Amino acid sequence: MQHQLVVKRLGRQDYEPVWKAMHEFTDQRTDDTPDEVWLVEHNPVFTQGQAGKAEHLINTGDIPVVQSDRGGQVTYHGPGQLVAYFLINLRRKKLGVRDLVTHIENLVINTLKAYNIDSAARPDAPGVYVDGKKICSLGLRIRKGCSFHGLALNVNMDLGPFLRINPCGYEGMEMVQVSQVGGPEDIEAVEKQLIQELVTLLDYEQVEFSTEAPSQGNKA
């Protein structure tokens, strides 16, 4: 099972049912459960991480705010943004939390490099940046030695809602997206590249693709 990965493409979903399904999957998984990555686009939502502060919500308007249990501060999810949730048994992979964060950042950096986009991580603010502008946000939670939550990569979306918050708690943080810096507009092309990089980085040998929604996710 250590080298087996199931990739689920969930399409467009509300945030909360997928969040609940992640919890269920993590609570019910055993040492024999293969790792999974869920790829999803969310309907518009602001999510507050565990460190989130109300003052970073400037003007949320008609977009709902959900209190999440991932690490980090407030961010925005919406159509045209690739969200990848990493349901990985870290003990089995012999990875620490910091290792996983570094792997995920490198995964995004390598994905962008395939489109000749130079990007970098920052030691003071998790995520991936292009010319100082944030292109990918990151927030994880670990339970029973297993990770859930993951990354949000801006591909081809309306970035306007980010102006209604201090993204990840940083006032004036500028956001950018793949389609603005010479990359593709097609989110599926970016998904494909991301999974290719993940399989290489984390040494998966068997990859199974599925569009079957998780137990909670199909209620969205």
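Cβ atoms are placed via backbone N, Cα and C, with glycine included.
If you look up Swiss-Prot, you'll see 31-206 marked as domain 'BPL/LPL catalytic'.
For Arg70, Gly71, Gly72, Gln73, Val74, Thr75, Tyr76, His77, Ser137, Leu138, Gly139, Gly150, Leu151, Ala152, the entry in Swiss-Prot reads substrate binding site, with the evidence type sequence analysis. Sequence-distant neighbours of Ser137 (substrate binding site) (same chain, 6+ residues apart, CB-CB distance under 8 A): Gly72, Thr75, Gly127, Leu151, Ala152, Pro167, Cys168. Secondary structure from DSSP puts Ser137 (substrate binding site) in a beta strand.
Per Swiss-Prot, site 'Lowers pKa of active site Cys' is recorded for Lys134. Of all Cβ atoms in the shown protein chains, 24 besides its own fall within 10 Å of the Cβ of Lys134 (site 'Lowers pKa of active site Cys').
The number of other CB atoms found within 10 A of the CB of Cys168 (active site, acyl-thioester intermediate), across every protein chain shown, is 23. Feature annotation from Swiss-Prot assigns active site, acyl-thioester intermediate to Cys168.
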Val74, Leu151: which of these binding-site residues has the sparsest Cβ neighbourhood within 10 Å?
Leu151
Within 10 Å of the Cβ of Gly72 (substrate binding site), how many other Cβ atoms are there?
22
Taking all protein chains shown into account, the Cβ-based neighbour count within 10 Å for Arg70 (substrate binding site) is 21
